[in-house]
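Asks: Found this in TrEMBL, in case it helps:
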DOMAIN    25-83  domain 'Cathepsin propeptide inhibitor'
DOMAIN    109-316  domain 'Peptidase C1A papain C-terminal'
SIGNAL    1-19  signal peptide
Amino acid sequence: MISPKFLLLLWIWTITIEARYTDEFQHFMKKFSKQYPTEEEMSRRSDIFATNLELIERFNREDAAKNITYAINEFADLTDNEWKQFLMSSKPGKNDNIPKIKPFSSKTLPVSVDWRNDNGTNHVTNIKYQGPCGSCWAFATAAAIESAVSIRGGALENLSAQELLDCTPISDKCGGGEPSEALAYARDHGVTLARLYPYYFISTTCKTDLPVAAKISGWVAAESEDEMAGVLANNGPMIVCANFATNKNRFYHSGIAEDAECGIEPTHALIVIGYGPDYWLLKNSYSKIWGENGYMRVKRGVNWCGIMTEKPLLPIL
């Protein structure tokens with residue numbers, strides 16, 4: 001028979017846990033300016049949040065020895081299916097007929113690279129926020145071209161991801177697209193500035209009457225992680241695609257990510273802007289609140305989350 005004292009302690013423990021979740025949820029709502037249309041919806045979101053908070057706490061325990069941390073972010077009140085709206089649909093990439101770049105000897109490469117500080121010069125624009133639209137492919141393409149222009153002596157300016165989202169002819173818009181198709185659009189038509197064609201979080205009607213700020217002549221691909229390091233160090237940031245459909249990637253906060261449960265089919269596009277001896281440095285489009293101020297370090301040399309499933313691409317001016 002269960003003693004009354006045990007039942008009392010269990011009740012107190014349950015109330016304490018529920019109060020903590022309630023406090024955490026209230027803080028979350030305030031921090032991320034969350035509003036819900038009804039009390040019922042707020043209660044549902046609170047339950048989802050509690051489930052995700054338990055998940056984050058478990059991840060932190062599991063990966064504590066690896067110095068990888070996870071944290072509450074704006075995605076914490078979303079179900080797994082809702083989270084996938086921030087991703088693009090998994091689809092086979094177009095790896096054929098892409099020009100290859102001359103290989104580089106790893107002996108000549110620097111130990112680390114970060115294009116935010118190239119001998120004191122920054123060649124990477126600010127972190128963007130794509131919102132609940134699978135437009136990562138457009139943001140990654142714009143970001144890679146922005147850096148290419150700056151590295152070759154041009155101004156470091158934000159290009160229009162919205163133009164690439166709206167005007168790239170072969171894409172599913174917010175459902176996802178191929179960076180190679182966005183690069184083809186930038187080659188054929190060029191891209192205007194973001195301030196002239198701002199982002200709306202949805203696809204809109206393509207506008208073609210705005211001045212061109214950047215145009216590329218083509219792009220090249222890396223065949224391996226070693227080759228990606230050489231291209232990155234000698235030329236600049238590259239577009240990469242990886243499988244982001246895991247909760248460890250959703251709630252990543254810091255450290256060198258190495259999710260063993262990750263698939264290899266690409267669901268998200270980013271750019272790689274640097275590397276260290278054991279990691280790649282990625283720029284994301286989930287705002288500065290996510291990850292390491294909008295960036296992510298991932299384990300190098302292991303095809304992390306299928307980062308080489310689609311060949312990394314470098315735009316050529």
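Glycine is treated like the rest: Cβ placed from N, Cα and C.
A TrEMBL annotation is a machine prediction, not a hand-curated record.
Can you walk me through where each of these features ends up in the structure?
Replies: Averaged over the domain 'Peptidase C1A papain C-terminal' (109-316), the predicted model has a pLDDT of 96.
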Asks: Just to be sure I understand, if DSSP states are collapsed into helix, strand and coil, how many residues of the domain 'Cathepsin propeptide inhibitor' (25-83) fall in each?
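Replies: Taking each residue of the domain 'Cathepsin propeptide inhibitor' (25-83) in turn, the totals are 42 helix, 2 strand, 15 coil.
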